[in-house]
Amino acid sequence: MSSTQFNKGPSYGLSAEVKNRLLSKYDPQKEAELRSWIEGLTGLSIGPDFQKGLKDGIILCTLMNKLQPGSVPKINRSMQNWHQLENLSNFIKAMVSYGMNPVDLFEANDLFESGNMTQVQVSLLALAGKAKTKGLQSDVDIGVKYSEKQQRNFDDATMKAGQCVIGLQMGTNKCASQSGMTAYGTRRHLYDPKNHILPPMDHSTISLQMGTNKCASQVGMTAPGTRRHIYDTKLGTDKCDNSSMSLQMGYTQGANQSGQVFGLGRQIYDPKYCPQGPAADGAPAAAGDCPGPGES
């Protein structure tokens, strides 16, 4: 049976876009490194075409027997398609038993039909890294060595002692100290010599937490509770007695009582109601003779 029946026609549309995207991720440099690594371990030549040299599965099964002897008991050297697919299936099963992660594996058709050579390359690189992790020495430095599990067992006493240790997530106390600090609860006098504030001599000293008294003074202030006369010399307010009006009540500079009489009767005279005419004796009429409003 010819292998042409497994070949597919050209891809179009979305299938072609997906195929081109997968091919763009294929690394020719990694292919050359894999070629050197496989040929160095197996002693077999892959040939100019990497996919055609590995599609029969013979070289790959030989590689697994070098990494893990007896992992592939039987290698089919027939050119029949199902024999080649069987070799690829046995190689994939051997990788699983070798400890490969299932997400790093490829399918047989990915290599046989060249459907996804990028995944084939990823699987072989992961296999090289797994072999390096297990201590395989090779002339070609390829693959990433996986970190090994580091497990520690602690007794109960050690676990309880670790509960008193401050974790690094909480910060560090390397640069912290209590130098210069007084004991907790001790009385402290707060002052600052840089601001020329003298050390406190008594309990009436204002601490720095309340501000500073450097520029404050009581010059010109009388003792609390002392009677004070409020006046202003600029406004002409006299300070002779207690009848002086404070500035809060206004000022009397422009006010006076000239022409006012307190306690005496006042004659109300309105020229509109008192006609100016000669009396019988030739004298003006008296103010009391003026008729009131509404009188004739």
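Positions of Cβ are set from backbone N, Cα and C atoms, glycine also.
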Quiz item: Which stretch does Swiss-Prot mark as region 'Disordered', out of 143-164, 187-208, 275-296?
Solution: 275-296
Quiz item: Who sits close to Ser138 (phosphoserine): which same-chain residues at least 6 apart have their Cβ under 8 Å from its Cβ?
Solution: Trp37, Gly40, Leu41, Ala131, Lys132
Practice problem: Look up Ser138 (phosphoserine) in the DSSP assignment and reduce it to helix, strand or coil. | Solution: coil
Quiz prompt | Per DSSP, three-state class assigned to Lys25 (N6-acetyllysine) | solution = coil
